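Student: Attaching a single structure in structure tokens format; questions to follow.
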Amino acid sequence: MIALYPGSFDPITFGHLDIIERASRLFSKVIVAVLKNPNKTPLFTPEQRQAQILLSVAHLKNVEVDTFSGLTVAYARQRGARVIVRGLRVLSDFDVELQMAHTNKLLAPELETLFLATASEHSFVSSSLVKEVAKLGGPIDHLVPPPVAQDLRERFPLT
């Protein structure tokens, strides 16, 4: 069964990677799909994020990385995915994700949403937090995979 793990991943964190690794054990194929959102100004381009993720998941043979725009359910159908995987860090994530799952179910009744609780050691990590710490020159190696840490250091050089 194919699962889709969509997100902005700007940048991918160890929390995201935890969800990807666990989903890869549950499904025959996991597609990590980087959303191209024209309404947002990301730090990294979709192609840069795709490259970061590819390097971070190279050890997972059943994980593919792609980019997409538009409705997640339309992309899931196009790729033959039957499940949308979502990670939950804190209770407030559940509120937003449940609303999205209900909306997706209305749009595509054949798709299921699977919520995976992020490992406790990653429950505080968000892409926004990582960018803020990197911007202020703080340590990030415990928050993101090495290729991402390198890209962040290049983006926010210490002065």
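Cβ coordinates come from backbone N, Cα and C, glycine included.
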Student: According to Swiss-Prot, Ser8, Phe9, His16, Gly87, Leu88, Arg89, His122, Ser123, Phe124, Val125, Ser126, Ser127, Ser128 bind ATP; so which of Glu97, Glu112 is the extra one listed there?
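Tutor: For ATP, Swiss-Prot names Ser8, Phe9, His16, Gly87, Leu88, Arg89, His122, Ser123, Phe124, Val125, Ser126, Ser127, Ser128; of Glu97, Glu112, the listed one is Glu97.
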Student: Quick one: which of these binding-site residues, Ser8, Ser123, Val125, Ser127, have their CA within 10 A of Arg86 (substrate binding site)?
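Tutor: Hits: none.
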Student: Determine, to the nearest whole angstrom, how far the Cα atom of Ser123 (ATP binding site) is from the Cα atom of Thr72 (substrate binding site).
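Tutor: Approximately 24 Å lies between the Cα of Ser123 (ATP binding site) and that of Thr72 (substrate binding site).
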Student: For Thr72 (substrate binding site), which residues in the same chain are close in space, meaning a Cβ under 8 Å from its Cβ, but six or more apart along the sequence?
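Tutor: In sequence order, the residues whose Cβ lies under 8 Å from that of Thr72 (substrate binding site) (at least 6 apart) are Leu4, Pro6, Ala33, Leu35, Ile84, Asn104.
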Student: Rounded to a whole angstrom, what is the largest C-alpha distance between any two of the residues Ser8, Lys40, Thr72, Arg86 that the record assigns to substrate?
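Tutor: That value is 20 Å for the farthest Cα pair.
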Student: Near Glu97 (ATP binding site), which residues of its chain come within a Cβ-Cβ distance under 8 Å, counting only those 6 or more away in sequence?
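Tutor: Spatial neighbours, sequence-distant, of Glu97 (ATP binding site): Arg86, Leu88, Thr113, Phe115.
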Student: Provide, as an integer number of angstrom, the distance between the C-alpha atoms of Ser127 (ATP binding site) and Lys40 (substrate binding site).
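Tutor: Answer for this pair: 14 Å between alpha carbons.
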